[in-house]
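Asker: The structure under discussion is supplied below as structure tokens; questions concerning it will follow.
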Amino acid sequence: MGARGALLLALLLARAGLGKPGELGALQAGPGAARRPGGGGREEACGHREIHALVAGGVESARGRWPWQASLRLRRRHRCGGSLLSRRWVLSAAHCFQKHYYPSEWTVQLGELTSRPTPWNLRAYSSRYKVQDIIVNPDALGVLRNDIALLRLASSVTYNAYIQPICIESSTFNFVHRPDCWVTGWGLISPSGTPLPPPYNLREAQVTILNNTRCNYLFEQPSSRSMIWDSMFCAGAEDGSVDTCKGDSGGPLVCDKDGLWYQVGIVSWGMDCGQPNRPGVYTNISVYFHWIRRVMSHSTPRPNPSQLLLLLALLWAP
């Protein structure tokens, strides 16, 4: 095909991303340093935040306080929460995609406090990313089991003070009953279905992670049915005063450990919102640590079909 064809072939292969490994991002198998392996031999920091201010009352958050928080938007409207794992990967709940599983229907908003940015908020729209792939755990069964999914973004995220990845670990044992765990989201704010009021800012709540024995005991009152498996855990207040609600699904539950933040759970399901003896139920990320790492390590960018057609034409050209 000649020197010119060979050059075009090399450029097309680079543009299509053929053979390029998926970015591993902010993963680790256990306690360690604050830097994690990233794509292309680079190292990336995770679990850091530069904004520490907290709005009085601990209900409404501040921009940049949770820089890994993502708003998953279905046809431009907030639908679920998520968390940034690396420049190309976002973690969320599988049940968010039960009826809407085409990547083209979704975008991911990062770095914004509000779930409804105004049309003239150019900063917000510059930090909105298209979704290339939605990878639901193959064993997902609604919201009850294996409620976890990964989104591969169509382009790389630019990090700044308001956009940073979260760390994850292969064990959550050390986080049970720790005082500094938080859940964030843009969901309803009362059991009666009160929506988030303007300016639709992210809300945060400090929660305690319960062990599964205690959680099953609470769910067995007044019935005698255990509902919490090892792939889940409960968090919140036993009196129902702190809980997640509709619209928070897929969002992160994170804990501080030695100055680094780790995502421990994904908002999954609950019995209504804010009910006594019915704490919120979360996907236990540690159970899926190796699945997450495998998907992120082995996925490759999807080539542009037009580029592949041109590539074939070059290969067959005299």
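Each Cβ is built from the backbone N, Cα and C atoms, and glycine gets one as well.
In case it helps, Swiss-Prot gives these features for our protein:
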type     : residues  : note
ACT_SITE : H95       : active site, charge relay system
ACT_SITE : D147      : active site, charge relay system
ACT_SITE : S249      : active site, charge relay system
DISULFID : C80-C96   : disulfide bond
DISULFID : C181-C255 : disulfide bond
DISULFID : C215-C234 : disulfide bond
DISULFID : C245-C273 : disulfide bond
DOMAIN   : 55-297    : domain 'Peptidase S1'
CARBOHYD : N211      : N-linked glycosylation site
CARBOHYD : N284      : N-linked glycosylation site
LIPID    : S299      : GPI-anchor amidated serine
SIGNAL   : 1-19      : signal peptide
Asker: Taking the Cβ of N284 (N-linked glycosylation site) as centre, how many other Cβ atoms lie within 10 Å?
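Answerer: Its Cβ shell of radius 10 Å holds 22 other Cβ atoms.
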Asker: Cβ-Cβ under 8 Å from D147 (active site, charge relay system), same chain, 6 or more residues apart: which ones?
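Answerer: Looking at Cβ-Cβ distances below 8 Å from D147 (active site, charge relay system), excluding near sequence neighbours, one finds A93, A94, H95, N137, A140, I266, S268, W269, T283.
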Asker: Tell me, how many other CB atoms lie within 10 A of the CB of S249 (active site, charge relay system), whichever protein chain they belong to?
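Answerer: For S249 (active site, charge relay system), the 10 Å Cβ neighbour count is 26.
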Asker: Which recorded positions (N211, C215, C234) fall within 10 Å of N284 (N-linked glycosylation site) by Cα distance?
Answerer: C234
Asker: Mean pLDDT for the domain 'Peptidase S1' (55-297), rounded to an integer?
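Answerer: Taking every residue of the domain 'Peptidase S1' (55-297) together, the mean pLDDT is 86.
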Asker: If I take the alpha carbons of C80 (disulfide bond) and S249 (active site, charge relay system), what is the distance between them in whole Å?
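Answerer: With distance taken Cα to Cα, S249 (active site, charge relay system) is 5 Å from C80 (disulfide bond).
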Asker: Can you tell me which of the disulfide-bonded residues C96, C181, C215, C234, C255 is spatially closest to S249 (active site, charge relay system)? Compare CA atoms only.
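Answerer: Closest by Cα distance to S249 (active site, charge relay system) among the disulfide-bonded residues C96, C181, C215, C234, C255: C96.
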Asker: May I ask which of the disulfide-bonded residues C215, C234, C245 is closest to C255 (disulfide bond) if we compare their C-alpha atoms?
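Answerer: Going through C215, C234, C245 one by one, the closest to C255 (disulfide bond) is C234.
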Asker: What is the interatomic distance between the Cα atoms of N211 (N-linked glycosylation site) and C234 (disulfide bond), given in whole Å?
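Answerer: With the alpha carbons as reference points, the distance is 7 Å.
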Asker: Just to verify a number: CA distance, C245 (disulfide bond) to C96 (disulfide bond), in angstrom, no decimals.
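Answerer: The separation of the Cα atoms works out to 14 Å.
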Asker: In whole Å, how far is C181 (disulfide bond) from C215 (disulfide bond) when you measure between their Cα atoms?
Answerer: 17
Asker: In sequence order, which residues at least six apart in the same chain have a CB under 8 Å from the CB of C181 (disulfide bond)?
Answerer: F175, Q206, V207, T208, I209, A235, L253, V254, C255, D256, V264
Asker: Need the DSSP three-state call for C215 (disulfide bond) to compare against my parser.
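Answerer: SS state of C215 (disulfide bond) = helix.
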Asker: DSSP secondary structure for H95 (active site, charge relay system), reduced to helix/strand/coil, please.
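Answerer: DSSP call for H95 (active site, charge relay system): helix.
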